[in-house]
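Data first, discussion second: the structure below is written as structure tokens.
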Amino acid sequence: MQYLLNILLSLSLLTSAYAATAEDWRKRSIYQIITDRYALPQGADLNACDPAKQTFCGGTWNTIKDNLDYIQNAGFTAIWISPVSQNYQGPRTPYGDPYHGYWIADASKLNDRFGTADDLKALSDELHSRGMYLMVDVVVNNVMALSTKPDLSTYMFKQESQYHPYCPIDWGNTTSEQNCWLGDLNVTLPDVNTQDPTVVSAYSAWIKALVQEFNIDGLRIDGKFVRMATIHTAPSHFDLIVRHFPYAAAKHVDMQFWPQFCGAAGVYCIGEVFDADAGQALQWQGKQALDAILNYPAYNALVSAFAIPGAQNMSALTDMIAQVKQKSSDPTLLGNFLEDQDVPRWASISVDPQSLWNAMTFNWMSDGIPILYYGQEQGFNGNADPLRNHLINATDDWLTSQVQVLSSTQEAIAFMKGNVVTVLTNVGSPPANVTIAARTPFSNSLSTTDILTCTQFAIGSNGSVEVEYSKGGRPVILVPDDLLDNSGLCGHEAPQPVSGKSQQGAVATSGASGRSGPMAFAAGLAALVLALAL
Ligand SMILES: *[C@@H]1O[C@H](CO)[C@@H](O)[C@H](O)[C@H]1NC(C)=O
Ligand SMILES: *[C@@H]1O[C@H](CO)[C@@H](O)[C@H](O)[C@H]1NC(C)=O
Ligand SMILES: *[C@@H]1O[C@H](CO)[C@@H](O)[C@H](O)[C@H]1NC(C)=O
Ligand SMILES: *[C@@H]1O[C@H](CO)[C@@H](O)[C@H](O)[C@H]1NC(C)=O
Ligand SMILES: *[C@@H]1O[C@H](CO)[C@@H](O)[C@H](O)[C@H]1NC(C)=O
Ligand SMILES: *[C@@H]1O[C@H](CO)[C@@H](O)[C@H](O)[C@H]1NC(C)=O
């Protein structure tokens, strides 16, 4: 009997390694990887890989697997990888080669550029043995072709009726956004007819089998429900998004498709709803659609609030926090990011490193699942990720409690989530004669630490907290000292290691200073790969 019980227990432990739900994902932090780019095979010539050429650099599922220590040691508990389906294999197009993995040819086959089925399984197994999750990007809205009349026999869907007929998108016309084709005449993106029952059932069967075979824990849906005109950004920023557009496929897939598709997958689904309007974007979160979406509205607000030069409009952020609370079915499940493959690197829209640190800190210390685009940490020396993991462990409700804004000015915002107070500013690196004060529920006898500098922070009478920026605009995270026990942070004792693989330490910042502009990407990549080679 005891024997049987043990077997049942170990089986349930095994199954808990996959089929992860939204609840399971809430406590994760995600490192986003472009499979071709994160790590090159041993001995590869780094100089041969010029990211600007839009061609393959040679990363694979194996090279990710061989370089997981770096990600785990930084505190990440999940990775999100490029789509795994077979891509276009023909000659180079005017928009380069499909190194990004989004130019789907036959969705039912694996992308052999990235490895074999055994390689993908080995990556999944290695992640699970480290207690980490695997999120896979999936593209269902469209396939890729070079004409408006491609040979359908090479695709997963071979019938003309399984696609919408060709028409260029008329932006602003929802029917057209939903049914017409993305891309242009150089690279067309034939629109799969997700209203066709044969498509729905084939996609459902496919995703169910894929998730089971590779023990995938979550899906990131390259769904594309775009309303470009609502992304309110500086013109140069907007241009960059548009330039990405040929492969940043983006538009409506009808909403009814998602509950069936994600239901068949049986795992957490987070969708890319490329829309800065909270009301528009958040209608895609909930039982009628997806578990969560990537938080483009918050991203847009973070750009408005923190980018330098920029609007430096803190009200955009406080306003967005209020809107998301009101319109999201669960803000703590949304995906928080500052960079991804469809928006520019932060360093190319904001020159001041303090702007990055403050905006990133928001993503870690407020509601939602933090996502970091590979290489971004090269400009960030932070221990926010280990802190978040510790708070998840050490408290019952940090994850599910919702953020409360304590006070805000044009230059700064103070907010509280659980028992942690975060104070952020947009003044940038130069000293500024600015202070922000906030009232907290803390007693003035409470001992607290700013964990980004490991210094004690005095709470004033009536629980007041005051932060000044005479040495520049650093983010501040105030944690009551009793919450830091067993965190390994700021001289507090480390957690007891469980199975030899401990989760602590901050990300190193090798040679990251002073980097900005378009070369940041190349330099970040090179620095990262070099760091990995050590
Ligand atoms: C919107 O697009 C659809 C599909 O292309 C088209 O049939 C319809 O006439 C368009 N509506 C308007 C108002 O332009
Ligand atoms: C195709 O690509 C070329 C080279 O980038 C560009 O000049 C041209 O405008 C594109 N054609 C179409 C139809 O978009
Ligand atoms: C700042 O953002 C708020 C809220 O989104 C907006 O109403 C206001 O017009 C913005 N101010 C400026 C100067 O752009
Ligand atoms: C959280 O708790 C788990 C299980 O006790 C442990 O394995 C893990 O190391 C802890 N993580 C942190 C960051 O304390
Ligand atoms: C800082 O600002 C305060 C209030 O605006 C002013 O009284 C003070 O002189 C300023 N200090 C410096 C060093 O500029
Ligand atoms: C504390 O708060 C109360 C109520 O807001 C106020 O009357 C009092 O003056 C405050 N005391 C101090 C020392 O700021």
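A Cβ is built for glycine as well, from the same backbone N, Cα and C atoms used for every other residue.
What you see is a predicted model, and the numbers here were worked out from it, not measured in a lab.
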TrEMBL pairs Cys490 with one of Cys269, Cys454 in a disulfide bond, so which one is it?
Cys454
From the disulfide entries in TrEMBL, identify which of Cys57, Cys167 pairs with Cys49.
Cys57
Would you list, in sequence order, the recorded positions among Trp103, Glu272, Asp342 whose CA lies within 10 Å of the CA of Asp222 (active site, nucleophile)?
Glu272
Using a Cβ cut-off of under 6 Å to any atom of ligand 6, determine which of the recorded positions Cys180, Arg220, Cys454 qualify.
none
Alpha-carbon distance [Asp342 (substrate binding site); Cys454 (disulfide bond)] in Å:
36
Within 10 Å of Glu272 (active site, proton donor) by C-alpha distance: pick out those among the recorded positions Cys49, Cys57, Cys167, Arg220, Cys490, and say none if nothing qualifies.
Arg220
Given the disulfide-bonded residues Cys454, Cys490, which one has the fewest other C-beta atoms within 10 angstroms of its C-beta?
Cys454
Looking at the recorded positions Asp222, Glu272, Asp342, which one has the fewest other Cβ atoms within 10 Å of its own Cβ?
Asp342
Residue among binding-site residues Trp103, Arg220, Asp342 with Cα closest to the Cα of Cys57 (disulfide bond):
Trp103
